[in-house]
Amino acid sequence: MPFISSAELSSRATPPDLQKRKYGEQSQPSEPKRQKIMGGFLDDDDDDDHDGLEAFNEAQYQSEFEIQEQRVDLPQISQSGSRAEPKRPKIMGGFLDNDDDDDDGLEAFNDAHLESQIDTQEQPVKLTEVSRSQSTLESVVINSVTERSTIVPAYAPPNISPTSVKIKTCNGKALNVPLKKPSARVSYERLIASRSTTAPGRAQKSYYGIDIHSLLNESAKEVKAAEAPKPAPVADVRPSIEAPIGDKRSKKLSTAMWTEKYRARKYTELIGDERTNRSILRWLRGWDPIVYPSLARAKQNKKYNNDEEERPHRKVLLLCGPPGLGKTTLAHVCARQAGYEVLEINASDERSRDVVKGRIRDALGTENVKGMNVELGEQKVRKVGRPVCVVVDEVDGVVSGSGGSGEGGFMKALTDLVLLDQRNSARTSERASDGRKRKGDNFRFLRPLILVCNDVYHASLRPLRQSSVAEIIHVRQAPLENVVSRMKSIFTLEGIPSDSDGVRRLCEASWGLAKRKQRGVRSTGAAEGDIRSVLVAAEWVAHKLRNESSAPLRLTRNWLEQRVLADAGGGSFFKGMNRGGVRDIVDRVFTEGAGFPDVPLGDESLQDPYDRSEAVSVDVANIKKRHAIRRLCEMVDASGDHDRCTSECFSSYPLQPYQDDTFLTKPNAAYDWLHFHDTISSRIYSAHDWELGAYLSQATSAFHLLFATAQGKAQQQYREIDEEEEEAHPFSGPRADYAAFEATKQNQAILSTFQSSFSAPLLRLFRSSNNVATELIPNVIRMLSPDIKPVVVRGSEQKSVASVRKESERALVQSAVRVMTGLGVTFEKVRIENEGGGHGGWAYRMEPPLDALVSFSKVPGFSSATNPVRYAVRQVLDQEYRKESIRKNSENLSSTGSKKSTTKSDDIETPANPAEAAKLKYGTAVKRDFFGRIIQDRVPSPQEDMEQALSRKAKSAQQELSSAGRKVWVTYHDGFSNAVRKPISMAELLSGL
């Protein structure tokens, strides 16, 4: 085979002059034998023509391909003269071409082809130095004809297929595009396997699947693993009785109950209502201008700043709701989220008024902070102090009265503290007439106060509920889905596998709810929303699940219903947690079935437990009644308030619809049961017959048996109509006597407060409160309701200003303002809220509320003593009253300063030098301008004279102190006190250094 090389020529190559001869020349006898060149390469094999033909084809194809890849400019070679040769047939691509038109160009083609091959061998180019971009391909200059298969050798030419296609561009440039090389044939199996998708981590499919040998190997391994001997089971490791070594906090949490262990400690861990959480945080952020004055965000300057839409911030927050909803936890988490440290006070344990006057007053009235000791390993580090937020828990459990030893009076002292802050906040610059400060006048709320209660309608909370000093937020119960997801995560942390249905059934049983299919429209749980009860029940179920078997069991719905709810012990445990308040119990008394789920029917439930004979059977209706009465008695006994439940049933049954005969049989039977309850209660508390305590709940059960009705759509519509009807009389219903007593007590308090602000002449005229109520107050209301038509004008900042234009109306306004000033009656701007918490507008409320004393019954035919007053009328009166108060304060200050300047001789300064004395004696010289006109000096006002005299006196006093050389020593002690203050300058502090 010939040696083929497309790179540089070796030193032993044939000289170029021997290769410039054309193919097909006949050799002469006198000349030496010429060497054969095929396709631009030397062929030394003369013996085997067939081998040379194959080598020629291969070398021709490879040289053509490599020259095209090098992409170098081929120089043109001039046509050299050649000897005339006889015409030979032309073969192109293995076919005979009889076209004689191109015979002239054939010889030029042969010469150019041979010379280009020689030049290519003389000027080798490395393949790595040639660029292969498309742009270089277009720049190649090809001056020779591309079809090189027209070489006519002396022997028959081989059949050579074309390797490129000639393309001519628009600008006349010719390009050669190589044909696509034949690729290896791909089998159908591999083509199908390449198109199929392979899952990650799975074996790659080839030839329609996995190799059968690998499958056999894997199956053999599985058989061997199954036949291998299993290891002996390891005994369960029992927990050690020794205390674990670690953090003290982790020890406490590991041994703590679930109610404390899984208490929410971050804002993101709260599962309650989001609206309630945001409302509490918004109220706490309202304290930022007071607690964090440097970090408080400045209000954005709006183009139209409507001051009326700004809601006044209230200093006290009251959280109310049923027990177990997480009110205390919510207050703690929100306070820490807002940057406070919580100071918790339990009002049930510390119910004395001294606690309010001591700890609570000091915490709220001072700008103190509270630090904490944080344990980092074995060391205790003092944490940076934070402002204090006071949380008073269970405020509805305090004693409303006041004992001799200070017991009770908690809410009264707290209410007085709130009202004192309200008075000090509303007070401007006026002081007492005698100039002395009263005790507690300067108290202000500087820290937030949060109150937590269960019943907002408790008697002890009436002052806070009726006044506008506290913002009341009703804590809503958490959604069942949130509680289920949280309990499922707790079971996962405890290592107990559970199903969602099982956890849901556990929550429903803890809340006293029925199943979804058995739950009706009016069926509610006795402890619905109580998260604490769910945690207690879940912990008890977890212990039971662990103790039943050593193998880990799964908490499912079937296991819970068969092993816990159907069991006597477990059923009584869940029923004992179904406690509710008095209002909930009374609502259940007058509901058929008491709102409980239906009892599961069985063989035992169809028999009377109090009858020994087997022949007596009980129907389904009596089974439901018996089940409801038993559960209702359990709720009454769990609440422990038997007397209140009975009295509430007595006051509520006249308003309930029930069916009875004309002889009033059911009310007579109810009175007999009330007599029975009074007899049992008196025997228990007087004769100490505690054995009769089990019969205290029977009267409540009797009311349920007599007056319970079905709760359907008709009764719901009936109740809606009753709520929409206007009340016939303010003191109507079963509790009319109590409502009248409370209203009388409230009116007496208003009268005493109004009468205490009277002057001596008014006290001589109106000595008793009855005279004030009948003679003075109706006329005062008419005086403060003048017949005027004010004009309301809004400024650029959308602040409304009301004014009157007529002189007669101005006179009426001035007389009304004089009445307000003499009696101490003011108007306070308050915000009206709708039931849903929306903004309902603004109104001016009279303080003290004298208009409430002259509004009588709403019965048709009776009207109020006065007509309703417009908002603009009271706005005009309030504006004029404020102007009058400012004017009087300025007059009092000026009169006080003038009296001091005239009575004290120290205020008059004598001239120090004789020149000033001469001026005072002979008068001052007249000042004239350039033209000789007299310049009039401005005469200072008396107020300016007083200010100049005071400034001169202060300067003289400072000179005396500096001349005397008085020294002041300043020492620092832990804390601070505002009892004694003295202004000291830096010169006095640095004078002794």
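Just so it is clear, glycine is given a Cβ too, placed from its N, Cα and C backbone atoms.
As recorded in Swiss-Prot, the features of this protein are as follows:
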- G321, P322, P323, G324, L325, G326, K327, T328: ATP binding site (BINDING)
- 42-51: compositional bias 'Acidic residues' (COMPBIAS)
- 97-106: compositional bias 'Acidic residues' (COMPBIAS)
- 1-52: region 'Disordered' (REGION)
- 65-107: region 'Disordered' (REGION)
- 887-915: region 'Disordered' (REGION)
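Features recorded in Swiss-Prot, as mapped to the structure shown.
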residue	record	Cβ within 10 Å
G321	ATP binding site	22
P322	ATP binding site	18
P323	ATP binding site	17
G324	ATP binding site	23
L325	ATP binding site	23
G326	ATP binding site	23
K327	ATP binding site	24
T328	ATP binding site	18
Three-state secondary structure, which DSSP defines for T328 (ATP binding site): helix
CB-centroid shell, 8 A cutoff, ATP site G321, P322, P323, G324, L325, G326, K327, T328, site residues removed: N454, V475, G529, D530, I531, R532
